[in-house]
Each structure stands twice: as C-alpha cells, then as structure tokens.
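Engineer: Have a look at this one.
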Amino acid sequence: MARALPWLPTARRGGTWGTVDRTQQHQAAVSTGTYDDLLRQQAAELTQLRLRRGNPSLRSIEARAGRLFGLEASLPISTQSAAFSGRYVGRDKLMWLVRTLMSWDEWGAECEPPGNRSHELDAWRIRWTAIAAAKPTRRRTPAAGAPAEAEPLAAAAPTPAPAGATPPQPPPKEAADSLPPGQSPDEPPALSGIASFSPASAVLTGHSSTIRSVAFSPDGALLATGGGDRTVRLWDPRTRGPVGEPLMGHTGAVYAVAFSPDGALLATGADDRTVRLWDRHTRTPIGDPLSSHTSTVRSVTFSPDGTLLATASGDRTVRLWNPRTRTPVGEPLMGHTGAVHAMAFSPDGTLLATGGGDQTVRLWDPHARTPVGDPLTGHTGWVRSVAFSPDGALLATASGDRTVRLWDPHARTPIGEPLTAHVSWLYALAFSPDGALLATGGDDHTVRLWDPHARTPVGEPLTGHADWVRSVAFSPDGTLFATASGDGTARLYEREALRDMNARRLEFHHRVGTAMLNVYRGTAGGGGAPSAEPLAEVYREVLEAAEATFARATETGDVEQLIAGWDEFTELATHLGQSSALLGAALLGSLVEHTGLSPQEVIAQAIAKAQAHPAGTQTALAAAESTDPSSPTGR
C-alpha cells in the first residue's frame, strides 16, 4: 500500500479530504530542501497521487481536465511529463494537475475535485512556493570548449519509484534534441533574441502566482501587472523596480488591468467578479467596486476618448460604464454563448470587438450598444485575445485553436490564411504602436513577432518564460515590449536593441554606400578620377536625394529611415539603368540588406559589377580598402 505523507491530510471515499493543518510542519520540512530535491519530491508525490487515483493515463488526465475546467485548464501531455519527471511547472498548471488527479477516488471512479481555494491543496501550494524560492539563478550557457559550471539537473540521480509505480518519464526526445548545446532539459531555456527586440536587463519578480495581465500607462512611465495572488503591482519600466506597495483589495485572482487614455485611472478586473478603479498617482482605490457581473471579470478596456469603460465576464456579457461616475451605461451587451475573454476598441472608438468561449468574434457599436453585422467565425477554439491595428485597418484575433486570424473589421471578412507558427493554445496578442509588428504569446511558453501585412514571422521565437505567456503589451513609444506569464514573472524587452544588433552592419552599409556614391562623383578617397560618364540632371537628383536621406538618418539615428533611403536610391538607380559602378552600389545595398553574405563577399561582388567602369574600379577598390572587414564597423 502506498505510504501517506505525514503532512498531507488523509483521503476519504469520494475525494473529500480531512482538514488537519500541517502547514507549519510542512514549511519546516521543505525549507531545507534544494531545488533539485524539492522537484524530485514533488514528482514522487504526484506519482503516488496518480497511483492512488487509479493510475490514469496522461491522455485521460488531459481529457478529464478539459471536461472539468474547460480550456482554461491547459494540461497537455508535455506539461504532465514535465511535472511527473521532476521538472519545473507553474503553480496554476500544478494545481490543475493535482485537482484533476483528485477528481478520481481511490477506486478510479470519477468524483468532484476540490475547489481552487480548498485547504486540501495547501500542502501542494507550499511545496511549489518553496520550489519557486529555491529556483537557482539562470546560468549562462558555457562557451564551446569551456567547462560547465555545474552538472545539468538531468544528471541527478532520480528518486527510486515505489513498487508498482510508473517511473518518472524523461522529456520527449524531440524536445531534448531541440535544446541548445549545453542546456539541460530540466532548466528553463535562456532567453533568445529576436529580430526587433532583445531581453532587457531584468525580469520583474514579486508576484507569487500567475501574472495574467500587463499594461503600460499612456506616458510609458508605469507598467501595471495583475496576478493570481490577488494583487496589482506597478513598476517603473526604466529602472525595472516596483513603484510603491502592491494594490490590494481584490479577493480573487486579478485577470485584467488597463489604464485610461489620460493615464489618471487604472481599472482592474478579477475572479471576485468585481472591477476596481484606482488613482494612478496616489495608488488608492476610487469609490466602491463595480459589482454587476456574476462571474470572473476577464477583460477591461477604456474607449479611446476615455468616456467609456468596457468590462467582459465569464457570465457571457459585456458591460459599459461611465468611469467618472462609476455608473452603468445602458444594458449589458449580450450575444456570446460562452465566457467573454477579450475586448478591444477600434482606434476611432466606433467599434468594440469581443472574443469568447463560443469561438466567435463579435463587433459592436459601443454608443448604440448594438451588434454590427454577424459574428466573425472561423476559429475552432476559445478566442482569447483581440486587438485592432493602430490605423484600424486590421483586427487580429488569437485562439485556443493555435492560430491567429486577421480580419478587415469594416468588411468583416478574413484576410489571408491564419498565422500558425505556435504549437499550442494562444492567449495574447498586441500590435506595436506603428503597426509594423504583431506580437503573440501562448501556452508553448513563447512569444512570436509577425509582420501583419506580409503575414510572416519576424525572427525566431522569443523564449525564456517557464510557463504560458498570458499577456503582452508594447510601450506607447514602441521601444519596450512586456510579457506576463504563468511562471509568475513579467519580462521587458528593448526595441533599442534593434540598433545594437544592426549598428555594425548599417554603419558598414552606410560607409560603403557613400563610397559607391563617390564612385560616380569621382571624389572617393579624397579625390580620384572623375567619372567617364556625364552625370545627367536626373542622376544628380537621385544622388543628392540619397545623400540627404543618409545625412538625416545618420544625424537622427533613425535606422528605418536609413534602410528606406538606401532602398529607395538603389531601386531608382537600378530602374534608371545607370553605369556598372552605380549598379554595383545597388547590388551592394540589396545584398547587405537582404542576405547573410559577409562584407568581403558583398564588396567582391560590387567590385565585379564596377569593373566595366575604369574610374569606378579604382574608387570601388578604395572603398573596399577603407572599409576594413576586421574593424568593428566592417564585421
């Protein structure tokens, strides 16, 4: 017979547990365990619990969780394997797994699981908190040939499984094979950069549970996060530090946070079925909570002019409020047949989009409080997030069916095929302020960036979170990007890193491009022979326009302008069919911008194209010699 843990209450028929409080005893017991020890202990106890409840298969557990808790409880087999094999999982995932296992009695018959706040789960919560507290600082992956700082967690000797127990399962081979060299499958992966954003210097920690929502203030001076620990926290995005004490008042998990357009108000929605308004400056509540919803408040958002506050709930309704008087505006918007998970106002405030558990997206006239057209259909899972592009021309929707769909909100028709790079459910999306990027986050622990117009991914997935990515947001100036996760952390990524990553390439681009322009002027290297071909007026206009663009871009540091200016010039030059030297410059710009060729290869091809022009050959060689590929700007 499986042993009973001394700190766990004893189970009875039907899944009802005793109420013996062993909290202090358990805290003392786990306080001395190492991170690895605690993970192995948790895995062993999960295995014991699974055995005591009839040893259901992982697929049965996944299906049972879906029936019990809906799509909110995501328990894919990969997550279960991680938990049973002694790897880290977020608290919400652990609680769902334990509750699902407890929904079978000791004879394997189905029974009612304990509630989310039941004391029966206290021991599991305490152990998870101890694991989170003992979690080591992320190690850097050692350079090739360098000794590892420590043995990977996978090398630790596993705790022997009890007789008859299913041994802990190793991570799937395909998952282990995909890890970077030197990284253990048991530790969260190191953050990897992407094309436009790179990790900032700090991770925001302080919440003790899932962070479900993140939002920047309109001036970008504050970042708000709402968590499963029933608190709202404010942060300074520049210093990465907390601002004041946590905002407390909700009695349930905080699902949503949103600032008013003037930044004076912060609205929060929670599992306690209420919406609270806060003074952003004094960090104090304003009036009594708004309490008309009869289920979890899952989304809150202000209209662009700040005259309306919309709140969406698991009770299948959307309610509109006057945020100044804190009074309802009209009757609730009704039409969804499932929980309403997400909302967004169009930039001009004429449309309100809502996404629900009925797998549809609905558009509303928020002032007339009437639906606009038929529901948008196509998703086959809950619609978890919706967002309008800054110009209002696109509506993006993210779903549990692992896809993002783009729509024309005015024609109410889909645009192109769904975006399908994520491998699990999607929870969050947001457009950058300039509309050039669309960020998506999901249950696969990753964030992806997309070009919403080309409908293609931008760069590699951004990894680092150890659990689902629940919310994403761009700062108003587009230089920062924030994510919130089930691992209890928020992360900040800096777009400024775009310049860092491209500075060498772009400076090289500029220097050689200028040299190639001078090929045509005959002025490279402080002189040089005049061009053998006369410069027609149109050619001079092209050159002067390009040089002016380069000068402005260099002075302001505007990377996008520099790229656009060069592309415009090379396109014109090629179209006008100028000399081989100028076509060499066009080729150079195209290669540097669009391929992975080395500077040496680029210069070689440019010189080859310039050889038909004697003056061009000399000045192109001078350009190559003056741009040393071994220098910081030539790499």
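Using N, Cα and C of the backbone, Cβ positions are placed for all residues, glycine too.
What TrEMBL lists as region 'Disordered' is 135-194. The compositional bias 'Low complexity' feature in TrEMBL is assigned to 142-158. Per TrEMBL, compositional bias 'Pro residues' is recorded for 159-173. The repeat 'WD' feature in TrEMBL is assigned to 204-236, 247-279, 290-331, 333-365, 376-408, 419-451, 462-503.
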Engineer: What average pLDDT is reported by the model for the repeat 'WD' (204-236)?
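Structural biologist: Reported value for the repeat 'WD' (204-236) is a mean pLDDT of 94.
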Engineer: What residues elsewhere in the chain lie close to the repeat 'WD' (204-236), defined as a C-beta under 8 angstroms and at least 6 residues from its ends?
Structural biologist: 90-92, 129, 132, 242-244, 246-248, 250-263, 266, 268, 270, 278, 280, 283, 467, 470-477, 480, 482-486, 488-492
Engineer: Per DSSP, what is the residue tally for the repeat 'WD' (333-365) in helix, strand and coil?
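Structural biologist: Residue counts in helix, strand and coil order: 0 helix, 18 strand, 15 coil.
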